[in-house]
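Since the structure comes first, as structure tokens, the remarks are kept for the end.
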Amino acid sequence: MAITVTRDRMAPVATRWTGSGVAVGSTAVVACLLAWELAARGPLADAPFPTVVEIVRSLLGLLATGAFWSSLGQTLTTALMGLALAIGAGVVLGVLLGSVEFAYRSTRLIIEILKPIPPIVIMPLVILLLGPSAEMGVVLVLYGCVWPILIQTVAGVRDADPVLIDTARSFGFGTAQRAVQIVLPGAAAFIVTGVRIAGSAAFVIAVVSELVGGAPGIGHELFVTQNAGLYSEMYALVAVMGGVGLGFNTALHAFEKWMLHWHPSVRGEVTA
Amino acid sequence: MKAVSTRLRSLAVELWLPVLVVVVWWFWSGSAGLQFYPPLSEILVRFQEMWLFDQFVSDVLPSLRNLLVGYTLAALVGIACGVIMAQLPIARRALEPIVHFLRSVPPVALVPLAILLLGFGPGMKMTIIAFSAVFATLIATLDGVRAADPVLAEVTRVYRISGRDRLLRVTLPAAAPQILGGLQVSLVIAFVVMITSEMLASTEGIGYLTILAQQTFAITDMWAGMLLLGLLGYLFNRLFTLAERRILHWHTGMREQAKTA
């Protein structure tokens with residue numbers, strides 16, 4: 001049963017990349033870019049709609065500047081720091097709430113209420129407290145990422161096999177030893193899934209905190225280029241964010257697979 | 001009698017901490033030196049003054065209208081494109097790379113581009129909400145339709161069920177759990193983009209008033225705005241879960257049966 005629960009409903013069906021698939025896909029991409037180019041030269045020539053050539057030129061220009069790389073690094077640092085703190089807090093609290101029934105039931109309502117409130121809602125307060133700083137971004141990422149990890153950890157801990165725990169107890173394992181050697185490995189599949197779900201939000205939240213909240217990073221660069229009227233730079237930055245987002249998600253999927261290579265859900269690729 | 005006292009005790013266990021938090025907030029906020037935490041009583045008064053019903057028509061309604069129109073559009077387009085892409089391999093192969101790239105762009109980053117192309121009006125907000133929210137539903141529908149039991153497709157063919165009947169009675173119900181999962185993610189995205197579009201480009205809306213209050217240090221107003229947005233976030237999620245449970249009651253029922261069997 002544990003396996004079906006950890007596979008969330010959003011997990012994509014494995015796509016087989018056949019040779020013709022890649023060919024069709026890249027043809028479509030090229031066709032889209034061509035259509036864009038033609039639209040930008042023709043009917044939309046007067047609109048703030050730069051051509052692909054201009055965007056690529058701006059992109060190459062950006063890639064050559066140190067400022068671009070340092071702001072991109074800043075954004076990734078914010079996202080990863082927030083995620084790391086969320087993992088720490090989520091796993092520790094999750095093990096606690098998952099193993100102490102009283103704590104679980106006492107906090108359930110608070111978690112239920114806070115979980116669906118997105119980070120942007122609390123952003124005005126966090127800006128007041130921390131200013132438009134990287135710390136502000138980290139706090140927002142932490143807030144946004146901690147819920148899925150916490151909830152998955154609680155579910156994983158509560159799912160632990162009681163026979164396994166009783167066996168460990170009769171072999172003389174202490175509470176801490178049981179938590180580290182029995183409960184945590186058993187909950188690992190749940191936790192890693194929680195980390196993947198949370199992680200895909202981390203980069204997005206970091207960008208929000210920069211674009212709306214003014215924290216330093218690539219989102220803030222977008223705000224600056226918008227105010228300066230540098231249209232093709234804006235498009236280039238959005239394209240970069242798409243690429244980085246794609247890379248982030250791919251890395252998270254790879255991380256999940258690597259962490260759980262021993263787990264039946266990965267080994268067999270069962271479509272439960 | 002015993003059942004009643006057990007239920008009371010269980011209710012007490014669930015509620016003591018939330019009640020304590022509110023009580024502590026009530027008495028602690030507004031004490032000297034806490035300039036960012038005005039008394040909860042004042043926040044509630046401002047909440048009532050602002051949203052019930054002074055600025056309800058001028059700000060709350062436009063926000064909700066943009067969200068509703070944008071989200072409905074995203075849901076319809078997402079499900080339609082997802083079904084089409086699942087059934088036409090050529091469309092799927094062609095569009096999948098583009099969809100996955102667009103899905104990976106942080107939705108909020110598209111708001112400045114939308115302002116550039118469409119201006120500051122409500123049309124821009126509905127469009128950007130719909131565009132940002134469409135991909136989660138589309139991808140979930142695509143996966144859901146493709147992951148349906150192959151036997152189902154064979155039986156449908158044997159019984160010559162096709163067209164509308166196949167779509168409404170076989171394809172969509174089989175994919176419903178995934179589609180609803182996607183719709184829930186889309187709803188969260190639509191809500192976030194609604195707030196962001198108002199914070200970045202607006203003269204009306206809940207998000208605009210909240211960020212304006214923060215920038216002008218009207219701290220109590222800011223709290224009232226955060227309270228309303230938080231409440232809305234919670235309510236949308238709650239309503240969605242209730243609707244989902246209704247729509248999928250046959251599915252959960254089947255799962256329960258499988259578990260006990």
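Heads up, residue numbers simply count up from 1 along the chain you see.
Every residue, even glycine, has its Cβ placed from backbone N, Cα and C.
Residues or ranges marked as domain 'ABC transmembrane type-1' by TrEMBL: B:60-240. The feature transmembrane segment is assigned by TrEMBL to B:12-28, B:68-88, B:100-120, B:126-146, B:167-196, B:216-236.
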Residues from the same chain, set at least six apart from the ends of the transmembrane segment (B:100-120), whose C-beta lies under 8 A from its own: 127-128, 131-133, 135-136, 139, 189, 192-193, 196-197, 200-203
Highest-contact recorded stretch vs the transmembrane segment (B:126-146), from B:68-88, B:167-196, B:216-236, CB pairs under 8 Å: B:68-88
Other parts of the chain folded back onto the transmembrane segment (B:167-196), taken as Cβ under 8 Å at six or more residues beyond its ends: 63, 66-67, 70-71, 74-75, 78-79, 82-83, 107-108, 111, 125, 128-130, 132-134, 136-141, 143-145, 147-149, 152, 156, 161, 205-207, 229, 232-233, 236-237, 240, 244, 247-248, 251
